[in-house]
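To start, the structure under review is shown below, and the notes come after it.
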Amino acid sequence: GLYCCQPKPNGQMMCNRWCEINSRCCGRR
């Protein structure tokens, strides 16, 4: 399935494009 936020190896979170378009993710608007 699709997850809004996924952890990168460096510990930061990355946001899927679907989430960025359709929802809020990782504090982005």
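Any Cβ shown, glycine's included, is placed from N, Cα and C.
Annotation source Swiss-Prot lists disulfide bond at C4-C19, C5-C25, C15-C26. The annotation cysteine amide is assigned in Swiss-Prot to C26.
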- Quick note, C15 (disulfide bond) and C5 (disulfide bond): C-alpha atoms separated, nearest Å, by 5
- Tell me the Cβ neighbour count for C5 (disulfide bond), meaning other Cβ atoms within 10 Å of its Cβ, over all protein chains shown. 14
